[in-house]
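The dCTP binding site feature in Swiss-Prot is assigned to 93, 94, 95, 96, 97, 98, 111, 119, 120, 121, 138, 151. Here Swiss-Prot flags 108, 109 as site 'Important for bifunctional activity', drawing on sequence analysis. Sequence annotations record features per position, and here Swiss-Prot assigns active site, proton donor/acceptor to 121 based on sequence analysis.
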């Protein structure tokens, strides 16, 4: 079951944290999250899953930044979120998708207990100008049934900003 917007609002401060929160971004069954002004781009065209891949910051100016096709941009939400007792999920807004902009390549699914900013895997079909603060995606919450454990991974939990892939740590186990 997906929580309604009113349920999301009722759970704020206990089971759900969205900071900063603004009522105008609440939808019937989701909440719009905004794009931070910083992006990361990988320094190399060839990436290696078993190694850390370096990335450089890119600031989105107020007049916007033209994104190139065939390039992955890592961004993040302005909003910090926490989810306790619900499964958070992230999707691009339909208006964003209709412009050919993907906000996540595969990672739209969160875990119960996740706390942090959402890293966005931004990819465009056509060159597109993006702006800081644009409502780029929406978070929604599923109920969970049965016994469960909260998210424990240290890789992305309590992040302070954009998180490049830490998959290489899985190979160190």
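Glycine is treated like the rest: Cβ placed from N, Cα and C.
The structure, with features from Swiss-Prot marked on it.
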residue: 93; record: dCTP binding site; Cβ contacts under 8 Å, 6 or more apart: 32, 135, 136, 137, 138
residue: 95; record: dCTP binding site; Cβ contacts under 8 Å, 6 or more apart: none
residue: 97; record: dCTP binding site; Cβ contacts under 8 Å, 6 or more apart: none
residue: 108; record: site 'Important for bifunctional activity'; Cβ contacts under 8 Å, 6 or more apart: 89, 90, 91
residue: 109; record: site 'Important for bifunctional activity'; Cβ contacts under 8 Å, 6 or more apart: 87, 89, 90
residue: 120; record: dCTP binding site; Cβ contacts under 8 Å, 6 or more apart: 35, 74, 75, 76, 77, 103, 104, 136, 137
residue: 121; record: active site, proton donor/acceptor; Cβ contacts under 8 Å, 6 or more apart: 72, 74, 102, 103, 104, 105, 106, 107
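The binding-site residues listed here are 111, 138; among them, 138 has the most other Cβ atoms within 10 Å of its own Cβ.
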